[in-house]
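If you look up TrEMBL, you'll see B:12-30, B:97-119, B:131-157, B:169-191, B:212-237, B:243-266, B:278-299 marked as transmembrane segment. The domain 'ABC transmembrane type-1' annotation in TrEMBL covers B:95-296.
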Amino acid sequence: MKKSWWKTGPLSVLLATAVIAGCSSQTANQTTQPKTDEAGKTSNTLVVSSLIDPDTLDLHKTTWLGNENGLLYEPLLSRDTSGKIIPGLAEKYEISPDGKTWTFTIRKNIRFHTGNPVTAAAVKESFDRMLEISPVKGIVGPIEKVEATDEQTLKVHFSKPFSPFINVVISGMVSPVDTKAAKELGDGFGDKPSGTGPIQFEKRERGASLLFKKNPEYNWGPEYVANKGPLHIDNVLFRFLKDDDTRMMEFKKGTIHVLHDVPANSVAELQSLPGVDIQKTMDIGIKYIAFNNKHPLFSDVRLRKAVALSVDRDPLVQVALNGFGKPIYGPLAPTIFGYSEAIENKAKQMYTRNVAESKQLLADAGWTDTNNDGIVDKDGKPLSVEILVSQQPAFTRAAQILQSQLREAGIDLKITVQEMTTIKDRISKKSYDMALMYYGWYDADILFLIFEKSNAESRMHYTRPELDDLLNKGREASSEEERIRIYEQAQEILLNDSPWVPLWVNEVVTATRGIKGFGLNSYTQYFILNDVTLDK
Amino acid sequence: MRRYVVKRLISLLGTLLGVSVLIFLMVHLIPGDPATQILGQFATPEAISQMRTALGLDQPLWQQYVGFLGRLLTGDLGTSLFTGESVWEQIVTRFPITLQLAIFSVLIAAIFGILLGTIAAVKQNTLVDRFVVLLSLVGISAPGFWIALFLIWIFAYKLALFPISGYEGVHSLLLPAITLGMAEAGMIARMTRASMLEVIKQDYMRTAEAKGASLVSLIFSHGLPNAIIPVVTMIGLQFGSLMAGAVVVETVFSLQGIGSLAIEAISKRDMPTVQGMVFFMALIFALTNLIVDLIYSRIDPRIHFD
Amino acid sequence: MNNSRHMSYWSGIRKRLQRNKTAMAGAIILLVFTLGSLLAPVIAPHPVEQMNFDQRLAAPSSTHLLGTDDFGRDIFSRLLHGGRISLLMGLITVVLSTTIGVTLGIIAGYYRRLDLFIMQGMDILMSLPALLLAIAVIAVLGPGLANAMIAVVIAVIPSYVRVVRSAVLSIREKEYIEAVRALGIRDWQILLKHILPNIMSPIIVLSTIQFGVSILAAAALSFLGLGAQPPMPEWGAMVFVGKSFLSQAWWMSIFPGMAIMLVVLGFNLLGDGLRDALDPKTR
Amino acid sequence: MKDSLLEVDDLRVQFRTENGVLPALQGISFQIKKGETVALVGESGCGKSVTSLAIMGLLASSSAQMKGNIRFRNKELGQLGPKEMREIRGKEIAMIFQEPMTSLNPVHAIGRQLEEVYRLHTDLPKKERQNKAIEMLKKVGVPRAEEIMREYPHQLSGGMKQRVMIAMAMACNPHLLIADEPTTALDVTIQAQILELMNDLKEKADTSLLLITHDLGVVAEMANRVLVMYYGEIVEEADVASLFSQPLHPYTAGLLRCIPDLDEAEKRRLDPIEGSVPLLGEVTQGCAFRFRCPLAEERCHLAKPPLSGKGTQAVRCWLYAKEEMAV
């Protein structure tokens, strides 16, 4: 789940292997943890292997939103499996002509897990709490105020038009939270959350597992599922298994029903197992090389382009991802609103690997191989740069391939594997050359979040006023066509300046076994559990 | 005896004070700003500076240390920056696993190590002896993470006898305990053998034999109690360091013990947790060593502390 | 005369070592690995970093003696080159920690006034589990081979200090040292000429054993991703990578792990043999 | 012959070592009668202790080879299984060692060690065993016996420890007590007490005593008969009176000259035998004493002297062999 790009995987850690993995931390009473030895058959529990133990289940306090905490809450709007916007808790919505006021009509007869009714006033309270305490409130846009005009009508007023808001709503970031319960429980709300989702909280074993039970009141399932009522399964158990081998083995052994984000090199193996169902969806983000654009070397666009031109994306995808991905040359993934085929084609033309051109660019910048050691040099110094990589196997593999590719252009690449925390820290302090990074978000507004000047401070340190203008306009423009046009222009600038090197889009592979009716909404990246039944 | 314990406790306090300084400095030298880390990178600068104030990070270093020490003295190990759980709570949930793992592996290691070491000593210079000596060296030399891998592969996956990862009851701890126990068993076997060889030469062994004691009684009743004294010390020290976290093994087996908690906290830059955890480990380690010394005086009547 | 006595002392040890099967077995293992890694560029059948995407995860065969890894690199060649890293790392670590540890140990043992401070410092270091201490050091310094070595050095120094200090303490009070001191010879001369030679045996034995320990520790750090960085063919790192391919390519992790075990075993065997040869008590 | 308790016949012991096979006992024969005290004397390294260990069956089978016969109460000890041998050890033949300081197990209380003898050799219940042990301690003159039962060896003096050792050895009223230098490690004042105690107990229980010592003063005090050993052989055997009045073997004569004058307060060696006992395996032919013998002749270098008898005395020396052959 890459719902919040700023937190995608930052908990990924020192050890890609298994740090947060594992099962229970309780010692004595294991009674509440359903027996999973026979894949939960006896207790009617769906067991999901999950990578990330969310920091908190309180939607307004979390910096990470995924199935693990997001399924507790039901969004106001959603998309169906073809990408069409469909009602969620809001029957319908309307945007005022000036684009500054969004009006939602809340469905009747909906209750939070506590039994508290969901009214327009309650949703307003939820918005207010979000705007007050959420560490990531910046992402919801310039909201001025929220008001409930009657039982069912909710109005969200913006100071400026903010088109990406539709995707904020769909992402679940502003789904209604039971603020009444939150007030009663105070800090304890995170341990006893209440929303309107199909599952409700049962038990948590930090670092090990999260157990949910079905919401018996639930009857507001989305249009595209057969079962709009309560789930068929009684419980959903997320087991936090960080280590790839561990989760693979657990799955193969049959102790897990749903293996999300299957390690690329294991997909073929799983496909050959009987009874295993594989689903693939394209990720809503890309992996890229981030340059330090303020670095003495990479402030020169020729060097950035030289690097970009020495990269061959096919082996990256084929070897590092075992083919489960797609090379990407332009800034946006095809799954993101704002993606343009024209841009992608142009980018492909500009940046398909060309070592000769790369060498030429280096030579133009004064870098040539004078001592015939295969590495270009200037003033007696070889061109040696460091790339920061987090310890995900696919990343470290990719880095090694990049290393050999850049070498052919005469660039010596040193790989440093560090924790994401440290990498981000070094990036924001500009003490880096290059880093292998990623983002994930539903809307082209991601470019604003990465490149707009205040954001660029903590990222690639690349600023272009024209780009800022375009990215601001993109937020305010109300028609989709207009927005697409604006983002095309913005992407053109990025292509020419090459402040980064987009590499690939992941194909997210989910393997299931011993269950039926499991789905994955590729537009929202949420699991569809409504129709899931366990095999007998 | 009491005076000895008091003396030891006082010197322990000195060490712990040093440890607290060391940990504090180290944790503060670790790159990465906890405030940004908590708030996520999308937080506004004001929010970050507010958070820094709230965390006391804007104070001079010595003041922060004094605060840390003061809280330690009142038994407050701090609170996680991320989960809001107190470090103590985290320890309470995680420590039992580590403790069980430590006990389990020390038991395995002690049983096998002492048995093999004794057999080797009794059969000195025979094939059995050479085999035990080599086996124990292999146990010491083989990397734990490597052994763990194959134990998992064979016993948990291929034969499906144990859970692959995580804690599902005491039997989940068998493979990790074996992994940990291998090296320890090797060390224990070597020490038992050496110690037993020394003991066998002693006059009192001949006395016992002259009394008509059987071989079994000679070894287990007369020899072992003497030979085991240095071994017990070693076992105790191992136990101490195990309780302080079998980092690699907990990681490989995805066990939620305090070793993996500490590493996790380091990687998340959860400074209070790191500080509290490491301090706790040092405390446990030191206390076990003290207890080992006291046990030592119980099993060797010649030793008296006053 | 003094010299010849020394000579016979050392040649006696050599003879004892040669007769010691354990030591010889260790020495042979180490010789094979040392030669293998020294000659790696010559005898490695494939260039160490050459990727060959057609040959990924190939099982051991006549072309690839120990198979290939996920990039189609030859495991055998990587193991040979990896030996250089492990052995060199062990060597540097041992030299550093011996130098620092012995110096501190001698000072602590000889100058009683400094003893308290040094030993208190060692107690502090030893009150943290060694691996955790190393991890913390790396957390501060950042991952990498050099930092991993520093971490290992810091973690093993206390054991040197302890051994050396107690050896010095027992020798310090011997009559001949008293006598030499009475002659007005300077401290550093006493330390260098009279004390150091007399504590060489435990230092040599400890260093041999620590060689293995350091290699093991460094491999563990690399396994945790804190030591050697890709694409270095460090053995611990190779086991870590191989771990993800256990079901598809067992050779990726089993052989590097075995290499670590054999080298460490070699040092332990040699250390055992040295202990027997150097320690007259066992004769 | 009828009342002989122990008969040792042509006992040979060899040790296998790195440096080859070393002969420690080269065929010794002697008897001990019921109630008799036989002293085994000689310098250290002459095979006294090996003899005692051989009788006890305590030589390590891995390194020592034993030949010859040891008959004890008409049982051939060499033919007994380990279990039967264990039943004899400590019950019928008991032994006291030279070093009381290290001969008691430091980790067990005195009571436990003493009581163990009864546990091994009787069916008495625990309470009874303890009473017996206390009684035994009292018999050997240990004060505060009940308390001592709970104490550990390191809390006792050397003399006390040796008393405990004696108590342990005499616990089952053995037929034969072997005492290997029982007083050597003790103070002179204590020595006499311990010897007296042993004599006393032995008389009461009608136990035979094989007393191993290098101290001829002790021999004169305690023994009925004396065996003089040199380099793994018995070179002279005699009753105590004959031996002291008329030593035959030059070695015996040499030893006797070494006895300090008891009247003199100062203990000093008057006329020690020069040189020392050869190392095992060093002598391959001839008389082993010839290197130190003031009377050595050519034949002493060529062949080993045979055993010659002279009244109650027997001696292994060419000096007397001639006479014998002449007879």
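Cβ atoms here come from the backbone N, Cα and C positions, even for glycine.
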Long-range environment of the transmembrane segment (B:169-191) - Cβ separation under 8 angstroms, sequence gap at least 6 | 97, 100-101, 104-110, 112-114, 116-117, 120, 132-133, 135-140, 142, 144, 147-148, 151-152, 155-156, 162-163, 230-231, 234-235, 238, 242, 246, 249-250, 252-253, 255
Short question: which residues 6 or more past the ends of the transmembrane segment (B:243-266) have a Cβ under 8 Å from it?
-> 30, 80, 90-91, 93-95, 97-99, 101-102, 105, 144-145, 148-149, 152, 165-167, 172-173, 175-176, 179-180, 273-274, 277-278, 280-282, 284-285, 288
Is the number of Cβ-Cβ pairs under 8 Å between the transmembrane segment (B:278-299) and the transmembrane segment (B:12-30) three or more, considering only pairs separated by 6 or more positions?
-> yes
Per the Cβ under 8 Å criterion, with at least 6 residues separating them from its ends, the transmembrane segment (B:97-119) contacts 128-129, 132, 135-136, 167, 170, 173-174, 176-182, 184-193, 195-196, 219, 223-224, 227-228, 231, 235, 238-239, 242-243, 245-246, 249-250, 255-259
For the transmembrane segment (B:131-157), the distant same-chain contacts (Cβ-Cβ under 8 Å, at least six residues beyond its ends) come to 113, 116-117, 119-120, 163-165, 175-176, 178-180, 182-183, 185-187, 189-190, 193, 248-249, 252-253
